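Written out below as structure tokens is the structure these notes cover.
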Amino acid sequence: MKTVTQTLNVALGERSYPIHIGTDVLSRPELILPFLSQKRVVVVTNTSVAPLYLDELRSGLEKCGIETLPVVLPDGEQYKTWETLNLIFDALLAARCERNTTLIALGGGVIGDMGGFAAACYQRGMPFIQVPTTLLSQVDSSVGGKTAINHPMGKNMVGAFYQPRLVLADLSTLDTLPDRELKAGLAEVIKYGLIRDPDFFVWLEANLEKLLVRDKSALAYAVHRSCANKAEVVAADERESGERALLNLGHTFGHAIETGLGYGEWLHGEAVAAGTLIAAELSCRLGWIDADSVARIEKIFVRSGLPVKAPDLGAARYLELMSHDKKVQDGKLRLVLLREIGKAVVSDAATTAQMVDAIEARCT
């Protein structure tokens with residue numbers, strides 16, 4: 001049954017755009033057609049998603065007279081590179097795509113990030129649409145206009161803020177999502193409860209098992225509430241000069257894990273979960289949250305099947321990797337920490353010694 005369960009709006013003035021969340025909406029081209037500037041689109045996807053959903057998306061568009069050019073990339077965080085990005089540019093140039101050709105990113109966070117960055121760069125900007133197919137991308141990375149590729153020295157270090165024209169989140173794509181990917185997506189869902197929505201955190205504690213068994217109504221609620229939180233934050237602080245930085249809870253430590261282990265060894269959500277526990281540990285050591293709160297946070301990640309212990313890269317290696325973090329200001333590392341469950345702050349209050357202690361306490 002094709003249904004749009006909810007539509008949200010990311011309010012950015014002339015660059016505002018809708019988020020359609022529904023079931024079997026990939027085959028509803030009428031949701032996409034109003035956002036196309038010409039009768040040709042490029043669909044950037046990967047080798048895992050293409051066999052599942054590319055034909056469904058293409059057939060609906062082609063029945064409406066829209067020519068589709070697929071660009072199928074290798075799957076994995078390790079391919080979020082200049083080399084893979086250039087494959088997109090090669091395809092765009094070979095097909096003589098124009099500035100008003102629309103690029104559709106069909107896939108998870110890696111495809112959305114790379115497709116969006118390619119769109120931001122090609123002929124100095126072409127329109128693009130996000131069609132996220134993983135829980136993580138539906139609740140987080142597809143909304144807000146962050147696009148990037150990785151660098152050997154740090155994750156998402158080369159990129160741009162570039163907003164999509166539309167986000168189309170089809171909950172049906174979660175049916176084929178591997179369990180590990182579903183669990184990884186829950187890390188970003190839980191994040192919203194921790195940083196700004198304590199009632200949502202309570203709901204997640206009560207409904208986590210429903211999400212793990214892919215209950216459609218529970219997933220629809222979680223995706224909608226996560227996107228509503230993200231849309232509010234992005235509308236207030238598009239370029240991450242203030243409140244938007246709070247969305248990076250667990251990410252400073254998490255990005256260090258991903259870079260230190262090698263891209264693709266841990267999924268992004270897995271690294272964020274372990275990183276969030278380090279941040280919670282540090283918040284506790286600063287006297288901002290109590291040990292019971294840390295235990296409560298750890299419990300929901302354990303129930304989600306996510307790692308709560310970080311890999312032992314060595315505290316010095318963590319600090320080295322974190323020194324490249326995008327929140328560093330005047331050479332000083334700023335971290336997203338918790339004042340309570342449901343309230344986060346960006347702070348440079350932690351000393352190096354306190355960071356080391358927290359890292360060592362949460363490493364295996």
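Placement of Cβ uses the backbone N, Cα and C atoms for every residue, glycine included.
What Swiss-Prot records for 75-80, 109-113, 133-134, K146, K155, 173-176 is NAD(+) binding site. What Swiss-Prot lists as Zn(2+) binding site is E188, H251, H268.
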Check: same-chain CB within 8 A of Zn(2+) site center, minus E188, H251, H268: L136, D140, S141, A187, K191, G250, G254, G269, A271, V272
Proximal but sequence-remote residues of the same chain as D75 (NAD(+) binding site) (Cβ under 8 Å, at least 6 apart): N46, T47, S48, V49, V110
Local Cβ density at T134 (NAD(+) binding site) - other Cβ atoms counted within 10 Å: 28
CB contacts for T173 (NAD(+) binding site) [other CB atoms within 10 A, all chains]: 26
Minimum Cα separation from Q78 (NAD(+) binding site), reported as the residue among binding-site residues E188, H251, H268 that achieves it: H268
Spatial neighbours of G109 (NAD(+) binding site) among the binding-site residues E188, H251, H268 [C-alpha, 10 Å]: H268
For H268 (Zn(2+) binding site), the number of other Cβ atoms found within 10 Å of its own Cβ: 29
Minimum Cα separation from H268 (Zn(2+) binding site), reported as the residue among binding-site residues G112, T173, T176 that achieves it: G112
Cα-nearest neighbour of E188 (Zn(2+) binding site) within the listed binding-site residues, G112, T134, T173, T176: T134
DSSP state at T176 (NAD(+) binding site), helix/strand/coil: helix
